[in-house]
Amino acid sequence: LLSGCLSLVCLLLHCSALPFQQRGFWDFGKDIDVRDLMMTMMKDQEEGSAFEEVSPPDHPTCPFGCVCQLRVVQCSDLGLTHVPYDIPPDTLLLDLQCNMITEIREGDFKGLTNLYALVLRNNQISRVHPRAFLPLKRMQKLYMSHNQLTSIPRNLPASLVELRIHDNHIQKVLAGTFSGMGNMHMGRNPLQNSGFEPGAFTGLKLNYLRISEAKLTGVPKGNRGHMSHRYANKLFCIPQLYRGVFSQCQVTHLVCLQKLLGLSFNHIRHIEHGVLSYLPNLRELHLDNNRLSSVPSGLPESKYLQVVYLHSNNISSIGLDDFCPTGFGMKRVFYNGISLFSNPIHYWEVQPATFRCVSERTAVQFGNYKK
């Protein structure tokens, strides 16, 4: 007993530390760093992902003012009003961010069949020709955040893995837009529930989807079950999560949500028992800044769950078995991050064995509660 008490004391000694931050997953709120993108591209190239050998041109060209090196063409911050000519056909990464481009035309990317990543963020793009991206048969990453688009571009390449199109003026999403998409960030667009056509999320097989800071009040009608979602909107109309939200994911055999479910900054008061059973592969669960009065049930049965954000709620007590299973053979991994700070918890009443399936003492954050 004394040993257990000392263990809990060790946990609580760190209550004034900074909030736990999980760094193992992408932060979609940050804009792309081209240097990091180049490293990812080189890694994928080494693994032979979606690349084929393209002979360099006999007479190498490079758009005026741009820097062309190692199949990377950097044309950022040049005041360009259109996509430049003379882009080398063997280009893998094309950086056109921070210019004044207003339109993507049909032939802008002609011949760039091996392009891996296209960076168009921070321009003034409001129009994209429906055939503009057809030549980009192997493109995996497209970044179009901070533009003036009112809709998702049509005919996106089937090879596309990641799309970031946040901070635009998108109000409508057509059926089948994201079929086959892997990672998606379209937050901070004026999207409402009615903006999603039925079937907009059909075929999603993604790790991450973020539709944060939009104007949604719930799961878009006609898309429940097809929507593997990571979003943080103002869910005024659904103050609790219920099992039916995710149930269709198993029925249709979609890869519903592989790693992260983020529902931070909502008005969720209760999570019905059994909701998490529909997300068997979940690694991270973000429920901070809600109105929960207790730890959600089902956490001990989540075999692979490692990170749980519950800070800034109304949780006043923690049960012995709220996080860890009572028997063996259920939990496959230890927690490496549990945030409970900014809750009215009497931490001295928490039993030491409550965190028996936590990897290390610094993984639990209590902090101080302030009304």
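Here the Cβ of each residue, glycine as well, is placed from N, Cα and C on the backbone.
Caution: TrEMBL annotation is automatic and unverified by curators.
Sequence-distant neighbours of Cys68 (disulfide bond) (same chain, six or more apart, CB under 8 Å from its CB) are Pro60, Cys62, Gln74, Pro88, Thr91, listed in sequence order. The disulfide bond annotation in TrEMBL covers Cys62-Cys68 (among others).
Taken from TrEMBL, the feature disulfide bond covers Cys66-Cys75 (among others).
Sequence-distant neighbours of Cys357 (disulfide bond) (same chain, 6+ apart, CB under 8 A from its CB) are Phe323, Cys324, Pro325, Lys331, Phe334, Tyr335. Look at TrEMBL and you will find Cys324-Cys357 (among others) tagged as disulfide bond.
Beyond the ends of the domain 'LRRNT' (61-93), by six or more residues, the same chain brings 34, 37-38, 41, 45, 51, 54-55, 99-105, 108-109, 111-117, 119 to within a C-beta distance below 8 angstroms of the stretch. Positions annotated as domain 'LRRNT' by TrEMBL: 61-93.
The feature signal peptide is assigned by TrEMBL to 1-17.
Helix, strand and coil counts under DSSP for the domain 'LRRNT' (61-93) come to 0 helix, 7 strand, 26 coil. When Cβ atoms from all protein chains are considered, those within 10 Å of Cys62 (disulfide bond) total 16, not counting its own. Taking each of the disulfide-bonded residues Cys66, Cys75, Cys324 in turn and counting other Cβ atoms within 10 Å of its Cβ gives the largest count for Cys75.
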